[in-house]
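*Asks:* Have a look at the structure that comes next, please.
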């Protein structure tokens, strides 16, 4: 068993030496192109197709996440007018004041929804 292990180690190191000697010419031929350029040399920034795919996927994910806020605005508007109905049923004499508060709440909720939608469009079309 020990002789078999010694044979496999010897044969594997011989195989490695054979491959290294065979590829030595290729390594010496391509070594200058494999040298990393120094920081003083200017390099252009190139965008690969894979990088563009990742960027576009991130844009779509971000736009979808920003659009979720529109649903929150819809829920907020429903809550505002639902509360208006309940408050008017409790005290009908405050109709005008309750309605002005409801319009203010509606405007604020709608503004937040529009801000979310604006961010989604900016992510899709501006960046």
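In case you wondered, yes, glycine gets a Cβ from its N, Cα and C as well.
Curation plays no part in TrEMBL annotations; they are all automatic predictions.
Sharing the record's features from TrEMBL:
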DOMAIN    61-123  domain 'V-ATPase proteolipid subunit C-like'
TRANSMEM  60-89  transmembrane segment
TRANSMEM  101-126  transmembrane segment
*Asks:* Hey, which bits of the same chain come close to the transmembrane segment (60-89), Cβ under 8 Å, at least six residues off its ends?
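*Replies:* For the transmembrane segment (60-89), the nonlocal Cβ contacts are 95, 98-99, 101-102, 105-106, 109-110, 112-117, 119-121, 123-124.
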*Asks:* Using DSSP, what's the helix, strand and coil tally for the domain 'V-ATPase proteolipid subunit C-like' (61-123)?
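*Replies:* Across the domain 'V-ATPase proteolipid subunit C-like' (61-123), the residues distribute as 62 helix, 0 strand, 1 coil.
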